[in-house]
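Below you'll find the structure, written out as structure tokens, and then a few comments.
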Amino acid sequence: MYHIDCRDQLERVFLRLGHAETDEQLQNIISKFLPPVLLKLSSTQEGVRKKVMELLVHLNKRIKSRPKIQLPVETLLVQYQDPAAVSFVTNFTIIYVKMGYPRLPVEKQCELAPTLLTAMEGKPQPQQDSLMHLLIPTLFHMKYPAESSKSASPFNLAEKPKTVQLLLDFMLDVLLMPYGYVLNESQSRQNSSSSSQGSSSNSGGGSGIPQPPPGMSFYAAKRVIGDNPWTPEQLEQCKLGIVKFIEAEQVPELEAVLHLVIASSDTRHSVATAADLELKSKQSLIDWNNPAIINKMYKVYLGDIPLKTKEGAVLKPELKRDPVSTRVKLKIVPHLLRSRQAAETFPANIQVVYDGLFGTNTNSKLRTLSLQFVHHICLTCPEIKIKPLGPMLLNGLTKLINEYKEDPKLLSMAYSAVGKLSSRMPHLFTKDIALVQQLFEALCKEEPETRLAIQEALSMMVGAYSTLEGAQRTLMEALVASYLIKPEVQVRQVAVKFASTVFPSDHIPSRYLLLLAAGDPREEVHGEAQRVLRCLPGRNKKESASKQMPSFPEMVYYIQEKASHRMKTPVKYMTGTTVLPFNPAAFGEIVLYLRMCLAHSAGVVPTSQSLADMQDHAPAIGRYIRALMSSSQATASSSNKSGETNPVQIYTGLLQQLLAGVGGLPVMYCLLEAVSVYPEKLATKFVDKTEWIKSLMSSSKEEMRELAALFYSVVVSTVSGIELKSMIEQLIKATKDNHSPEVQHGSLLALGFTVGRYLAKKRVRMAEQHDLETDADLLPEQEEIIRSATETIGSFLDSTSPLLAIAACTALGEIGRNGPLPIPSEGSGFTKLHLVESLLNRIPSSKETNKMKERAIQTLGYFPVGDGVFPHQKLLLQGLMDSVEAKQIELQFTIGEAITSAAIGTNSVAARDAWLVTEEEYIPPAGAKVNDVVPWVLDVILNKHIISPNPHVRQAACIWLLSLVRKLSTHREVKSHLKEIQSAFVSVLSENDELSQDVASKGLGLVYELGNEQDQQELVSTLVETLMTGKRVKHEVSGETVVFQGGGLGKTPDGQGLSTYKELCSLASDLSQPDLVYKFMNLANHHAMWNSRKGAAFGFNVIATRAGEQLAPFLPQLVPRLYRYQFDPNLGIRQAMTSIWNALVTDKSMVDKYLKEILQDLIKNLTSNMWRVRESSCLALNDLLRGRPLDDVIDKLPEMWETLFRVQDDIKESVRKAAELALKTLSKVCVKMCDPAKGAAGQRTIAVLLPCLLDKGMMSPVTEVRALSINTLVKISKSAGAMLKPHAPKLIPALLESLSVLEPQVLNYLSLRATEQEKDVMDSARLSAAKSSPMMETINMCLQYLDVSVLGELVPRLCELIRSGVGLGTKGGCASVIVSLTTQCPQDLTPYSGKLMSALLSGLTDRNSVIQKSCAFAMGHLVRTSRDSSTEKLLQKLNGWYMEKDEPVYKTSCALTIHAIGRYSPDVLKNHAKEVLPLAFLGMHEIADEEKSEKEECNMWTEVWQENVPGSFGGIRLYLQELITITQKALQSQSWKMKAQGAIAMASISKQTSSLVPPYLGMILSALMQGLAGRTWAGKEELLKAIACVVTACSTELEKSVPNQPTTNEILQAVLKECCKENLKYKIVAISCAADVLKATKEDRFQEFSDIVIPLIKKNSLESMGVRTTKAEDENEKERELQLESLLGAFESLGKAWPRNPDTQRCYRQELCKLMCERLRLSTWKVQLGVLQSMNAFFQGLMLLEEEHADPEALAEILLETCKSITYSLENKTYSSVRTEALSVVELLLKKLEEAKQWESLTAECRGLLIESLATMETDNRPELQEKASVLKKTLESLE
């Protein structure tokens, strides 16, 4: 039975379909019946299903041909989602959804888009694909909320992770789809059927499957194309829609990164740009190290690599994805370069590299990016993960280098990558020397731009080969050697790098290669080689333990072997007649290196920097050479060299060879040194080469001549007898050769050195008492020649050539040093006295050079050394001490040395042979005569010179005294005068110049060391007393006294010079160890003098080292003080203390060890009463805080902050700046410490810091302190994150207060003085600035972490701030915080919403409109989280305010609040619509004052009303009861304005509802009429207007008699009463209202009405024609306007009130007509217009013009009167509006006359007048008037 019914129903539907003729009918039937018809498919009856199918087939044909027909998609979607529906139904339903959805208007599609997503859940894959295919094009048109929040999101995807994934996958395929792609499936089907036997897979991805687009599988392409493929333009829109969808954050950012990357590579500009911009904006938010993002990128890049799945099944061919196109790859790789994770992901990383370098579709851009990726892997991939990659990367790079030669830049990158790989994985390269060779070869052959990269790569690879052994090392030697001789400079440079780094520093063959390179012509090659060769071995034991230089014999033999080999080959070097094995530069370097090896083997630190330093090591080298010479067998045994060729002899041979060929000072020195240290064996070899030596003595270089002369003297000293005599004679002769000054100079020196050596030997012989008799016969002759030689030398002292004079002086000094001068003591001629005086006179002479003076002083000092009975010793010493000159410091050190030597005489160390004995080893000969005058010298210095009034003398004396103490430390005289010497030094400590002070301090240190224990105690106490009390030596002032030295002016004369020593002394006293002051003085070595040759001779560095060791136990007390002193503003103290620090604190961890102590000291001294200490403490603190873990001193942080805040306000600027510096550093450190990674330490730091920064920092009166505190808080909030949560209740209110406190006060001042409008703009800008301030930024950071645990404490403080907070920023900020809280933690906030509401209420009535708006805005959000009861109370409060309070501020706050609720919490408003919307309705009728903001308020109320009602009419119907109640209340208000507002609202109700029904009509009218009673008040007009509106709208309802509803009569009575009021303005409205009521009710009250109106018209006419009153012009103007208005109103009202009553008309028609006609002739155009309109109404209702009331005579009279006056208007040329209105009156008359057939009443006179006037209008400038006039004229003419 049921299925018969079904079939009947289906038949009926069929029938209806058949009858549907229009599209509209068809659409209606489909909308109604399609869903139920589809449901019938679930029928079990075959017949029913069959019938349905027939119906659907018919339907499909009809629908497909009519694209405009809409389908009931919404209903179908609901049906599709029905879980109970059978699949048969859903399968058909989706067909119609697919057909209907694209036909919908775009807005409707957007509305249904979320439903499509919901419908997808749990459906089969093809249907899901179809739905997504429908959805994607819609995304382009979707509108998303500006602020993304889950509640406002159109797609609520958060709960649908599976749907999101499906959608994202589909979107990815859409983005990958190229434009214009066609899937040729028909061909593929044939293929698949033909090749179904073979299952081999081909490049197409499977048998017979067409090639999908790059990055897609066949299936993906097919589903994107779908049933209706998109055109390229549609596809572009789809892609843009997807990008918009992602932009709107509809899906998690993480999931959509890949989509944006792919979209950014799109071929269409619009898509690529949109995606690019979005990617850039999210760049900082995306975590590129997220494995999910990176794996997706790799998967898309590489496609599905054919790997078998775990089960062993291969991926279906149609599902296999191809790799993406090169264009997409070029976009993916730059993002991989950002990611550390990408570099670690194996094997994808290597697959991408190989694809980019060698893939089939790669290009140079992709290759470049792939190489960058290789660099990225080398830099960031961790050790464990790079291991398996290394060999593959290296293979790839070498393959690229070998095969790809087109792009030099690319090659450069490849080479560079090889270098980087070698530094990461050296073991890969160590065994592969061939690779080095390959790169060296490439360096020879490649383009110049590539060479730099190869050079860099090779330099990086060096480290990989430093462990080579055996054959590998030999191979590398050969390789380096072969490339060292290549023509390309870069090749040689790299070869040097290899030679120096790959081999150890004692590896002879590589050193030899470097020596050859040192002779390279290019600076970059030889410079590097020299740097390596001259790098000195370490001084400490640990370093020296490893053999760092080759042994001297081995190196010599190797060089000799190479030299002899080279002499036989073309590489030898020719210079003039000489042939050398090496070029001069290389040879020079070789001999210097051999000298370094010699020194190293001799056990001293090798140096090749200065000859003087080298000479200091000569005795040690001498011992080694002697040992080497004596054990020649041992050296020969290591190789098969003949025993005669001793290494030393080979060495001297090489030196001689180079010296003969090229020369050179260092070479000369090396030869001289070798011979001098062992003359017995080595000098004898050169006796036959004296001529060659002489040639060297006449060299053009002075130093060369000096060294050659020394060499000559050593050689000559080995001969004796006649040979010696002849050699000396030759020299004497040569000195007289005036043609060559060089020869003279060399001979003079040689003569001096030779005589000196002769005397020294003689002295030794005499001492040893050897056979004097045997030599006696030769002696007299020799003595004679010696004397002769001395006199010859003496004769040159007065030479005009300074060169020869200096040489003579030097020669005499050498003779005097070695023995008594062989000349008379006194008398005439060249005597010792003459010599002394001559030399002494030269010292102060201005003619002499400094060099001459130096030599003269040295020579004078030597005379008593060689001569134990030198007669003029004291004269000489006195002369030296008297020769003081200003600014001759170096000279004073020389004098000091000379005085020391001369004072001790023969016991002086100057008497030794410097080549054989060091100063320390020298012991004076036992038999020498003693000529020690030290007591006398000491006495003269202490009692005369040191207390001289001349500061230069004092300084010189101090230097001499230091020299005496240093050199004669063991002398009993010095030891017995320690106190006097100390006093002398102390007196100099207070000198104004630094050098004197420094010399004195060094002297004091030495004196202390020399005393015994008792001496030391006395010395300490004296020194401390002198320093601390500042007692000074009084200097007598004579006429010659120099008061200020040059540069002394401007220095404090109050002993400021002592400040450094006072500090040192107080430092020692604080340690209870006053004697430490000496140690400090020794360490405080800060004068440059001590670095000079003369200063270094004192050896203070050794003393300092010892002092450092002695001070070590006091480090705990010293370190804090010294640390601070290093930053002292006084340069002297700073340098001294830094010197002490560097000497004592050698271990860098010392500061960390004593961190607490240092910190304590610094904090204490930050507030010292001395500015110097405060400043140094700040600077020290700044330095201390940097880069140190401060976890142990967290408790000290507040103290540091607070103290530095105080110092920031210091009286001294430099201290303030130092404090600022320290604070900035402290801020940075604290921010780092507040990182969540620090755990508990971070939490502790925040806990101690916040109170300090909030209470002390932000509230500080110092601007800089406040700024820094805020800055620090902002940074802490960024880094601390969730750790801020417990502190939020304190932090947030404090920051909110600061928003106002920190605002410039001038803004408040300006705001108070501004106009209302300016104030609003300005305050808005202020609040906006506050909201974007760092404080607000910090607050917003904190808000993220708030929850119920914190709110309890925070809310009361927040409420307090809102109520009592001062300042715009604070109050606005509070409101902003509340808004944030409602979004961050809505549920947690609910219990506190009531409190916050009541607090915000106080803000709503704030005088400042900006605060008011902020609070309203906050309230709008807050109601969302509050309880209903709280919201109701709020709304009642607002209602009360609005109705009862007159102040505008309350009205405004109500409007703002309700508007905010409507906008931000619409659901809340809907729930309370009955309370809110009536108020809104009333509010929107507020009478707006243009000047005030009421217009804005009206708009807000209107918006609230319109947004929340279903159309205004519907809204009024819905809330009619409430609306009437509130308007009644308004009418009963005491406020006139509110009454008027209520009236307007009532009028609006009646207008919009068109007809009110009882009891509402009665209620409204009663209320209005009640309001009418009484006197006139401003706005009362509105009541009248409302009455008119109500009566007009509800006239039919008023006819019925209803209890409690005023009758028409009562209403008219009340209104007419109001028309009698005196107030003209009000009267006009009342008359208009009465007229409207009369017109609506059709009542006849014309008699009463005309009695009111006609006098008004007549009065007006009289006044307007009468004389003007004497009132002011503008008042007159206003009055005239009002009268005009009343006149117009009166005429209009008469027209409206003209009744349909024949009796009344009979009474008044004549009078009224006459009145109008009169006014028509006399009035202005405005009045004419009004009269004409009234006339129109008059004739419209004139019953005379109707047949049944005809009275031809009366009518004729009226018409004549009318025609006479209307001609004026018809002929009014100026105003077309007047002509138009007049024409319409004439037209009406003619029409009425025609209808009533009363033409006879229109007399000929009338017709004539009218025709005449109409004729003038035929030329009217307005065509429509012209035409109408013409028609009317013809009508009239036809009557005649």
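In case you wondered, yes, glycine gets a Cβ from its N, Cα and C as well.
For 107-144, the entry in Swiss-Prot reads repeat 'HEAT 2'. With a cut-off of 8 Å between Cβ atoms, the residues of this chain six or more beyond the repeat 'HEAT 2' (107-144) that come close are 73-74, 77, 80-81, 90-91, 94, 97-98, 101, 153-157, 160, 162-163, 166-167, 170-171, 174, 223-224, 226-227, 230, 234, 237-238, 240-242, 244-245, 248, 250.
If you take every residue in the repeat 'HEAT 3' (162-206) and average the pLDDT, you get 66. Residues annotated as repeat 'HEAT 3' in Swiss-Prot, with similarity to another entry given as evidence: 162-206.
Under the heading compositional bias 'Low complexity', Swiss-Prot lists 187-202.
As annotated by Swiss-Prot, region 'Disordered' applies to 187-212.
Residue counts for the repeat 'HEAT 8' (684-721) under DSSP (helix as H, G, I; strand as E, B; rest coil) come to 30 helix, 0 strand, 8 coil. Taken from Swiss-Prot, the feature repeat 'HEAT 8' applies to 684-721, supported by sequence analysis.
Annotated repeat 'HEAT 9' per Swiss-Prot: 722-760, in sequence order.
Swiss-Prot lists 784-821 with the feature repeat 'HEAT 10'. Sorting each residue of the repeat 'HEAT 10' (784-821) by its DSSP state yields 29 helix, 0 strand, 9 coil.
Residues or ranges marked as repeat 'HEAT 13' in Swiss-Prot: 932-970.
Look at Swiss-Prot and you will find K1034 tagged as SUMO1 cross-link.
According to Swiss-Prot, the feature repeat 'HEAT 17' maps to 1153-1190. Residues 1115-1116, 1119-1121, 1123-1130, 1196-1197, 1199-1200, 1203-1204, 1206-1207, 1210-1212, 1214-1215, 1218-1219, 1221-1222, 1225-1226, 1229, 1233 of the same chain lie 6 or more positions beyond the ends of the repeat 'HEAT 17' (1153-1190) yet place their CB under 8 Å from a CB of it.
Taken from Swiss-Prot, the feature repeat 'HEAT 18' applies to 1195-1232. For the repeat 'HEAT 18' (1195-1232), same-chain residues at least 6 beyond its ends with a Cβ under 8 Å from one of its own Cβ atoms are 1129, 1159-1160, 1163, 1166-1167, 1171, 1174-1175, 1178-1179, 1181-1182, 1185-1186, 1245, 1248-1249, 1251-1253, 1256-1257, 1260-1262, 1264-1265, 1268, 1271-1272, 1275-1276, 1279.
For the repeat 'HEAT 22' (1391-1428), the DSSP-based tally of helix, strand and coil residues reads 29 helix, 0 strand, 9 coil. Annotation comment: Swiss-Prot describes 1391-1428 as repeat 'HEAT 22', evidence class sequence analysis.
Sequence annotations record features per position, and here Swiss-Prot assigns repeat 'HEAT 25' to 1606-1643. Under 8 Å from some Cβ of the repeat 'HEAT 25' (1606-1643) lie the Cβ atoms of residues 1562, 1565-1566, 1569, 1572, 1576, 1580-1581, 1584-1585, 1587-1588, 1591-1592, 1595, 1598-1599, 1649, 1652-1653, 1656, 1682-1683, 1685-1686, 1689-1690, 1692-1694, 1696-1697, 1699-1700, all in the same chain and six or more residues away from its ends.
Summarising the annotation, Swiss-Prot assigns repeat 'HEAT 26' to 1647-1684.
Residues or ranges marked as repeat 'HEAT 27' in Swiss-Prot (evidence: sequence analysis): 1780-1823. When Cβ-Cβ distances below 8 Å are used as the criterion, the repeat 'HEAT 27' (1780-1823) is approached by residues 1729, 1732-1733, 1735-1736, 1739-1740, 1742, 1745-1747, 1750, 1752-1753, 1755-1756, 1759-1760, 1762-1764, 1766-1767, 1769-1772, 1829-1830, 1832-1833, 1835-1837, 1839-1840 of the same chain, each at least six residues removed from its ends.
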_DSSP residue counts for the repeat 'HEAT 27' (1780-1823), split into helix, strand and coil_ = 37 helix, 0 strand, 7 coil
*Which bits of the chain, at least 6 residues beyond where the repeat 'HEAT 9' (722-760) starts or stops, bring a Cβ under 8 A of a Cβ in it?*
690, 694, 697-700, 702, 705-706, 708-710, 712-714, 716, 781-782, 785-786, 788-790, 792-793, 796, 801, 803-804, 807-808, 810-815, 817-820, 866, 913
*Folded-back contacts onto the repeat 'HEAT 22' (1391-1428), same chain, C-beta under 8 angstroms, at least six residues removed*: 1319-1320, 1323-1324, 1326-1327, 1351-1352, 1355-1356, 1358-1360, 1362-1363, 1368, 1371-1372, 1374-1376, 1378-1379, 1382-1383, 1434, 1437, 1449-1450, 1452-1453, 1456-1457, 1459-1465, 1467-1468, 1471, 1493
*Give the residue counts of the repeat 'HEAT 2' (107-144) per reduced DSSP state, in the order helix, strand, coil.*
29 helix, 0 strand, 9 coil
